[in-house]
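K.L.:
Please see the structure below; I have some questions.
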Amino acid sequence: MEAHFIKTGIFFPLYFSGDEGLNVSPSVLATFWAVSFLFVITPGMDWAYAISAGIRGRMVMPAVSGMLLGHLAATGLVAAGVGALVANMPLALTMLTIVGAGYLLWLGVGLIRNPAVPTTELTDTPDNAMRWILKGVGVSGLNPKVFLLFLALLPQFSDPKSSWSLPTQILTLGSIHIVSCGVVYLLVGYGSRVVLKTRPAAAKLVSRISGAAMIGIALVLLAETVI
């Protein structure tokens, strides 16, 4: 096997099966998974949203599904080449950041004003589930950090010489990342439900902390557009 190195601030080893580049080696997929998993287990707005969904009851699955749809959309944009186009348009990227930050501010303020508390499963309705799905899409889909992460990370683990097309490689790698996100977010959401379902006061506090985290991230995003 031949090792390939691509430099974008960090060196990542890329290994492909044979000189002909017939396909992506399992070692590439394993290396990518290890790198992307470090980002997944880092608490952020996705964790905060999963926790708030867990406190609400059976809203974990809709909330996580929505966030995964947002990640899938980001992967698709990068695979289609739209990601690179937008990244090279400062105005478009700035607008995405402002919209995403505004959305997070709205969610964060809502959690602080009306903190989530443990609810009975009978209060869950299809309409509620759809709202949590749509909010989840917004949390990840409007997050410029997710977009830029995919844009910077996915192409590093693709090889133009492979028999797989670049979009196919990027979609495959993105799918691995999305599966990792799903597992971690479900554990976070259901874990918060188990821990906080009999502690309404603690649930309110955690909900407000999650809201404050969303507001903090939104302010950082806005500050970065000014600096």
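The chain as shown is numbered from 1 upward.
In case you wondered, yes, glycine gets a Cβ from its N, Cα and C as well.
Dumping what TrEMBL says about this protein:
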type     : residues : note
TRANSMEM : 30-51    : transmembrane segment
TRANSMEM : 63-85    : transmembrane segment
TRANSMEM : 91-112   : transmembrane segment
TRANSMEM : 132-154  : transmembrane segment
TRANSMEM : 166-190  : transmembrane segment
TRANSMEM : 202-223  : transmembrane segment
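Can you tell me where each of these features sits in the structure?
P.N.:
Sequence-distant contacts of the transmembrane segment (30-51) (same chain, at least 6 residues past either end, Cβ-Cβ under 8 Å): 12-15, 60, 63-64, 67, 104, 107, 135-136, 139-140, 143, 145, 149, 153, 157, 173, 176-177, 180-181, 184-186, 188-189, 192, 206-207, 210-211, 213-214, 217.
Residues 46, 49-50, 52-53, 132-143, 146-147, 150-151, 154-155, 166-167, 170-171, 174-175, 177-178, 181-182, 185-186, 189 of the same chain lie 6 or more positions beyond the ends of the transmembrane segment (63-85) yet place their CB under 8 Å from a CB of it.
Using a Cβ-Cβ cut-off under 8 Å and counting only residues 6 or more beyond its ends in the same chain, the transmembrane segment (91-112) has close neighbours at 45, 49, 52, 135, 138-139, 142-144, 147, 207-208, 210-215, 217-219, 221-222, 224-225.
A Cβ distance under 8 Å defines the sequence-distant neighbours of the transmembrane segment (132-154), meaning residues of its chain 6+ beyond its ends; these are 8, 32, 35-36, 39, 44-46, 49, 53, 56, 59, 62-71, 73-75, 77-79, 83-84, 86-87, 93, 96-97, 99-100, 103-104, 107, 170, 173-174, 177, 221.
Nonlocal intrachain contacts for the transmembrane segment (202-223), taken as residues 6+ away from its ends with a CB within less than 8 angstroms of a stretch CB, comprise 43-45, 48-49, 51-52, 55, 97-98, 100-102, 104-105, 107-112, 115-118, 144-145, 192, 196.
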